[in-house]
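Asker: My questions all concern the structure below.
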Amino acid sequence: MSMATGEYVSVSSQADTETAALAEEQAELDADGAREHRELAAIYVRRGLDMALAKQVAQALMAHDALGAHARDELGISETTRANPLQAALASASSFSVGAALPLIVTALAPQRWVTPSIAVTALLSLAILGGLAARVGGAKTGPGVVRVTFWSALSMGMASAVGALFGAS
């Protein structure tokens with residue numbers, strides 16, 4: 001629950017920021033549409049269009065959906081990328097639940113004296129696999145993804161274990 005709550009709060013803040021930026025952009029469009037047209041055309045020129053075509057594209061897009069054009073091309077906000085707190089919370093909660101299943105299974109199956117090392121090894125192996133899959137899905141080389149996820153996860157586990165040992169937790 002805490003993972004979902006944290007994600008919801010974080011993404012809600014992002015959504016609030018996006019909403020405020022869109023309101024500000026709408027106010028700018030209402031106050032000085034010509035200036036906003038020039039601003040949008042300048043964005044298209046920076047992306048490689050000549051000025052005449054950039055003005056034409058800006059005019060057409062602003063006639064269709066001025067706020068949408070500015071949101072997407074100036075602010076980087078689109079319907080598909082807008083912050084969705086509930087979706088983020090559900091994804092976080094389900095990911096955490098699925099991820100927590102592996103250590104629980106290992107705890108149930110491993111001999112008592114091997115529980116802690118078994119959890120650490122299986123967690124690192126599963127994280128290495130997920131790091132590789134994430135890299136592959138993202139079109140990156142799998143090796144660096146595996147190393148990065150495994151290294152930082154091992155470091156995090158080691159530090160948590162060391163702090164626990166300082167306080168007498170086992």
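Backbone N, Cα and C atoms are what each Cβ position is placed from, and that goes for glycine too.
Any TrEMBL annotation is an automated prediction that lacks curation.
So TrEMBL lists these for the protein:
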- 88-109: transmembrane segment (TRANSMEM)
- 115-137: transmembrane segment (TRANSMEM)
- 149-169: transmembrane segment (TRANSMEM)
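Could you place the listed features in the three-dimensional structure?
Answerer: Below 8 angstroms of C-beta separation, residues 99, 102-103, 106-107, 144-150, 153-154, 157 of the same chain, each at least six residues beyond the ends of the transmembrane segment (115-137), sit close to that stretch.
Same-chain neighbours of the transmembrane segment (149-169): 120, 123-124, 127-128, 130-131, 134, counting only residues six or more beyond its ends whose CB sits under 8 Å from a CB of the stretch.
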Asker: Using a Cβ-Cβ cut-off of under 8 Å, list the residues of the same chain that are 6+ residues beyond the ends of the transmembrane segment (88-109) and lie near it.
Answerer: 1, 3-8, 10-11, 115, 118-119, 122-123, 126
